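Trainee: Let me begin by handing over the structure; questions about it come next.
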Amino acid sequence: EDPGAAAILEPSSILYRLSAPPPPPSVASPGRMNVIDHVRDMAAAGLHSNVRLLSSLLLTMSNNNPELFSPSQKYQLLVYHADSLFHDKEYRNAVSKYTMALQQKKALSKTSKVRPSTGNSASTPQSQCLPSEIEVKYKMAECYTMLKQDKDAIAILDGIPSRQRTPKINMMLANLYKKAGQERPSVTSYKEVLRQCPLALDAILGLLSLSVKGAEVASMTMNVIQTVPNLDWLSVWIKAYAFVHTGDNSRAINTICSLEKKSLLRDNVDLLGSLADLYFRAGDNKNSVLKFEQAQMLDPYLIKGMDVYGYLLAREGRLEDVESLGCRLFNISDQHAEPWVVSGCHSFYSKRYSRALYLGAKAIQLNSNSVQALLLKGAALRNMGRVQEAIIHFREAIRLAPCRLDCYEGLIECYLASNSIREAMVMANNVYKTLGANAQTLTLLATVCLEDPVTQEKAKTLLDKALTQRPDYIKAVVKKAELLSREQKYEDGIALLRNALANQSDCVLHRILGDFLVAVNEYQEAMDQYSIALSLDPNDQKSLEGMQKMEKEESPTDATQEEDVDDMEGSGEEGDLEGSDSEAAQWADQEQWFGMQ
């Protein structure tokens, strides 16, 4: 005979006590804890795996014997079990259990007048500490958002009466409405958050992003600014981000700089990150990189904005730094989009477009609002010849970040790649009108005009205006040099490029200067320029080709030998390309496996 089996049947065993009929209320001891109290205490202590095991067993017992627990106890068990599933990221299962809990609560409300307690009263059969029904609905909405079922999340939260909505419910609703493009209810919900919590800065940013005037937003925080000490900076902070969301980059930069210079806010990582992003939007990549590096030194675990930083490093040809940054970010967290985008930028600028496509898709899976991930995937699709798919991604990026010029640049490049010059011209004109006549928008419009022989003169005028505003704007210098090259005005081009390189060093500018010097037979200096370009970006193929071409011209007697060497090198390059194609096929297979094409 098994002694363990006998022990289970003894009156002292827990299963015997649970299966036995409950004593009458008058007999129950008010101070004694029942099993539901133990489950509640474990949940409060964060022992989620323990709660999951015990609540699962108790629910099965309840199903086999409906009289074992009261309706309110079963409601509690279902909620605590669902909470443990939520903690284990089993969101669909959690939703199922939360739904069962709400059904149980609905039945309980019809048969009982028991009200949720604040938790201060003693645990007795007559007074149960019931989990909040509103909290259960909020948890359900969280599950739906994790499952990317935003409509269901909105529906469950909309069912909560307005007066019963807590600030976190209003905040979630505001974000969901905004994502769904429902601006009016989103603004209402953000304002409700601010009414209850006037220092909710993310809600303030939400309102500003929905075109609510900075003055109106500031008025909602005026009382707290006047009554709480050391908050005099808040009105300036709101003003700065109002400029950010209206696309006034220069005034936003100046305002944030004035904040950052104040002793109490000096070296704030969030302000430095915002400054870096603004410099990037304004086309000042040098200062953007400097600010990102400063923020990174202050916070080695910084993730926000590192996708843009990685993109800038990749554009400069610093691929080793990009690879190092990607590894560091993966060690911090692989559940954010930024590490995947940085690795994708490394692949893209290494011309491994299929791998860049996969990494961009993975980043979008983790964060569908990642503008940089959408741009990466769109650029990879465009370079792989899948222009129509690329257009979809660039349009989504524009929807999420209507003030970022690089989103429009990507879309216009797609139009030009598919010879849709008319659509490109319409888009460039719209950008020019909405974002204003600055060096960037003038250059973008000029880029489209250069594609049509009829609008060459207009392109020249636009580029001259852009360079008058910003003589060091690299994209404008490159396009003006392209125009001068067409007109064979090499001396003018050399003067333009020397002037642009006086205060900055850029691979593309040095390479183009080398091309212009070759055209006027200044071979030695051209060689120097190609060397500088390759020192800045060792992977710049055009600079390498220019240098190799010059070496051939300098040694005509060795031309035959060099041709033989070139033939051998060419065959080696074909082997590399074949390897690249097989790698692309491998990544394409993985994309199909993960459903990311």
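Every residue, even glycine, has its Cβ placed from backbone N, Cα and C.
Those TrEMBL annotations? Automatic predictions, nothing curated.
Per TrEMBL, the features are:
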- 107-127: region 'Disordered' (REGION)
- 109-127: compositional bias 'Polar residues' (COMPBIAS)
- 371-404: repeat 'TPR' (REPEAT)
- 507-540: repeat 'TPR' (REPEAT)
- 545-597: region 'Disordered' (REGION)
- 560-581: compositional bias 'Acidic residues' (COMPBIAS)
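Can you tell me where each of these features sits in this structure?
Mentor: The repeat 'TPR' (371-404) scores a mean pLDDT of 95 in the predicted structure.
For the repeat 'TPR' (507-540), the residues of the chain that approach it from at least six positions outside its boundaries are 316-317, 319, 349-350, 474, 477-478, 481, 485, 488, 490-491, 493-494, 497-498, 500-501, 546-547, 550, 553-554, judged by C-beta separation under 8 angstroms.
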Trainee: What counts of helix, strand and coil residues does DSSP assign across the repeat 'TPR' (371-404)?
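Mentor: Counting residues per DSSP class in the repeat 'TPR' (371-404), I get 27 helix, 0 strand, 7 coil.
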